[in-house]
Amino acid sequence: SFTVSLHKVDNITVTIKPKPGVFPRCQIRVKTISRSELKIKPGENVTFAFTCNTPEKYFIMEIQKNIDCVSGPCPFGEVHLHPAALPRLNRTFVWDVKASTKAGLELKFSAPWLRQIEPGETCPDFASYNINSSIDTATVNIGTFCRDGLVSRIKLLGGVVMSLHLPWDSPLTTSGFSIANRASIKRLCIIESILKGESSITLMSPNYPLGFPEDELMTWQFVVPSNLRASVFFHNYSLSNCARKEERVEYYIPGSPSNPEVFKLSDSQPANIAGSFNLSLQGCDQDAQNPGILRLLFQVIVQHPQVDENVTHLVDLSKEWNVTVTIHFEGWPGHVPLMSEPICLICKDPRTCDRVLTLVSGAVYKISFLCKDLSRLRISAEKSISCVDVRWCQRKVYSLSVPKAITQLPIRLHKFVWKLLAPDLINVEITSPSLKLRQHVPEQRCNTSYSYGIVSATPATELNVGVFCPGGPIEKIQMRNNITITLKTFGKGFLNESNHQDLKMSFVPHIKDECTFTVRPDPKTKAYLQTPNWPYGLPPYVSISWYLIVPNKQVARLGFSKDRMGIACETGRAYLNIKEEALGAEETVCREDELLPKPRNMYHDFWVNISNCKPVEKTQLTLQFWVTLADKQIDLGVILAVVAGAGVVAAIGLTVCCVKKKKKKSQNPMVGVYNANVNTQPPRKQGLFSKGRKKNESHVYAVIDDAMVYGHLLKESNGSVAPEVDVYRPFEGPIGSLPPSPPPFSFRKETKRASSAEEPPPLTDTDHDTYTFAHQKSGQSEDSGDTDEKSDGDTNEKSDGDTSVSLLENKEQGGLGE
């Protein structure tokens with residue numbers, strides 16, 4: 001059993017009542033009567049017991065003491081926890097102190113002082129204070145506080161209702177505060193905080209997060225040692241709708257030439273304040289119809305002055321256009337450092353400092369840092385380049401390099417973003433003249449101190465072109481849409497390598513594909529290239545082209561990393577096109593349901609084009625290919641053939657000379673001689689030497705082995721050479737001007753299969769046209785003899801020499817003897 005004896009002069013009331021939300025399975029027994037609630041008034045002496053062994057599960061207790069400081073003397077000094085010998089229940093001590101508004105009350109807290117928390121937050125030891133100001137009939141919640149903080153005193157206008165909530169097992173035996181004094185303060189309240197050493201404190205306006213009382217004024221006093229520096233940061237605030245006056249904050253800083261210093265809540269607040277200072281919040285007369293809410297949550301951080309706080313860094317952005325530079329802490333904006341962590345401040349003047357500072361182009365800044373470790377700071381910058389006048393911007397080349405004003409700062413550059421805005425029918429071209437670019441692929445990762453991420457965007461689609469770094473085979477990238485290029489750095493090496501940046505940008509006329517790469521492979525390195533949007537696949541109906549340059553005296557080897565495209569099309573077809581830049585070169589076209597080409601040799605500059613369809617769900621078009629270069633091998637058979645051909649030409653020339661000499665010795669007139677062995681039938685097919693010497697080179701190639709001449713074609717066509725057929729020809733026109741295009745939907749691979757199935761005619765002694773490399777152009781008549789040749793010295797005027805040549809040709813046809 002428990003006995004509670006209350007003296008009437010103490011003015012204390014004890015109430016034991018059921019715990020909210022718990023079914024009452026326990027009763028309070030007074031003598032022989034059981035009840036669920038017990039109230040003991042001043043002057044009563046009551047003995048009671050509980051009907052259960054764990055009453056703390058079912059009951060709570062409230063002990064209220066009324067103190068009158070208006071009509072009688074105010075009991076200054078420590079406030080005690082009375083009465084003693086109370087049952088161990090969750091309990092709340094309430095002190096209701098009445099005071100005049102002309103003489104406010106001062107509450108002083110004993111160590112370890114108090115720390116303000118947000119509503120709903122709990123204290124580590126579950127012991128919390130709630131302080132309310134009572135002015136006439138109005139009550140204002142000053143805040144909720146935990147033990148172990150930096151709030152040392154609170155002065156209030158009028159009375160105060162102070163509550164202390166303790167759990168049933170709390171060892172606390174003292175209230176932790178005293179009524180120190182009465183003083184007229186002429187404002188809602190004054191909250192004093194003592195900040196010793198490097199520390200931080202978070203405070204809230206009264207009634208937070210509800211509205212600060214209308215047209216009220218309150219003050220926070222901060223006691224800071226003179227050898228420390230304080231900075232103020234507003235983290236969360238809102239403004240009411242003012243009918244009269246203006247909401248503001250005012251600072252009183254000793255030694256300031258303009259006390260009080262007035263700021264809006266939206267301004268950057270003072271920083272690097274030496275010594276103690278006051279901060280006041282002033283409300284306004286609110287709109288009766290729509291008052292709004294004035295509230296404020298802020299933080300004060302105190303730290304030692306930095307050794308280099310007087311060292312300024314010049315950031316000259318006066319000659320830059322459309323550039324924004326942000327200096328911030330690492331992880332910004334997603335990561336917010338803990339309030340207990342040492343803070344890094346960036347100052348654009350000795351009193352304007354913040355954890356994030358933004359600089360804009362067209363101005364010159366002198367900044368300093370209040371930070372022990374500058375490695376925790378980062379720089380992010382952004383520059384916009386747009387084309388307004390097409391006639392002017394198409395002649396200009398823009399340098400995409402980081403300004404030296406940024407690289408000279410002792411802060412690591414996190415990223416620099418260029419936003420390139422192109423008008424309709426104007427595209428963007430990216431080049432790297434000296435360094436060139438290398439695509440970041442799994443087989444060949446970038447290991448440089450920086451890289452470029454390139455994204456092409458339309459209102460409907462965003463195409464991630466890829467990640468690129470310097471030192472590769474890519475000379476040029478052309479893109480159709482607005483472009484975002486993001487330079488990201490890795491490690492500290494960028495400060496040294498930034499001097500060698502050579503990325504350039506220009507606006508160019510409209511291109512056909514979404515993106516076109518110009519690649520010049522390095523003979524010493526295998527070049528890997530892959531489709532954009534890796535590994536998520538090309539967007540539907542997007543076409544990408546690569547133009548690969550093959551140097552003279554070298555041959556390129558082209559291969560793909562997998563056998564098939566690996567997609568199924570819901571609408572349309574996906575195509576791979578390969579085309580060499582050579583007259584009459586064969587174009588390779590593969591659909592998504594066919595095998596990709598095996599590795600092959602390319603002897604001229606060539607195009608690789610990939611065009612996507614609309615894939616079925618869960619399939620994406622991702623392709624990777626590689627290119628290597630090697631020196632061309634000189635074929636001994638070709639050399640022998642050329643030498644043999646030269647010998648034949650020399651022999652023919654010698655014979656003609658000999659015939660001409662014999663003719664000169666004879667003084668007989670020229671007569672016609674009938675030769676019975678000459679074929680007098682009209683020509684049905686061309687003879688071996690039926691063409692003029694300009695067009696016909698059969699005397700050179702007649703001795704060349706077929707396999708030597710057609711070897712590369714035989715390998716690529718599995719032993720058969722497809723004849724020319726009149727089918728889809730996308731490469732007519734100027735060489736090198738356009739990439740290959742996918743066939744129209746009316747054209748299907750079956751047509752090509754049917755044409756390639758036809759076997760070429762056998763190479764016989766009588767069908768000599770098959771030895772000719774040049775394809776006959778449409779509309780060109782076939783020449784059947786030498787009678788019309790009139791160029792390059794092969795004229796056919798009637799002369800003595802021509803008779804000899806005719807006799808020689810007749811001999812070679814098999815009819816004329818010596």
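Even glycines carry a Cβ here, placed using N, Cα and C.
All TrEMBL annotations are machine predictions without curation.
Feature list (source: TrEMBL):
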type: COMPBIAS; residues: 747-756; note: compositional bias 'Basic and acidic residues'
type: COMPBIAS; residues: 773-782; note: compositional bias 'Polar residues'
type: COMPBIAS; residues: 787-801; note: compositional bias 'Basic and acidic residues'
type: DOMAIN; residues: 78-181; note: domain 'CDCP1 second and fifth CUB'
type: DOMAIN; residues: 187-290; note: domain 'CDCP1 third and sixth CUB'
type: DOMAIN; residues: 314-402; note: domain 'CDCP1 fourth CUB'
type: DOMAIN; residues: 409-499; note: domain 'CDCP1 second and fifth CUB'
type: DOMAIN; residues: 513-626; note: domain 'CDCP1 third and sixth CUB'
type: TRANSMEM; residues: 636-659; note: transmembrane segment
Ranking 78-181, 187-290, 314-402, 513-626 by the number of C-beta pairs under 8 Å to the domain 'CDCP1 second and fifth CUB' (409-499), which range is first? 513-626
Tell me the residue counts in helix, strand and coil for the domain 'CDCP1 third and sixth CUB' (187-290), as DSSP assigns them. 0 helix, 53 strand, 51 coil
Summarise the domain 'CDCP1 second and fifth CUB' (409-499) as counts of helix, strand and coil residues per DSSP. 6 helix, 52 strand, 33 coil
Secondary structure of the domain 'CDCP1 fourth CUB' (314-402) by DSSP, residue by residue, totals 7 helix, 42 strand, 40 coil
For the domain 'CDCP1 third and sixth CUB' (513-626), the DSSP residue counts stand at 0 helix, 50 strand, 64 coil
I'd like to know the mean pLDDT over the domain 'CDCP1 second and fifth CUB' (78-181). 92
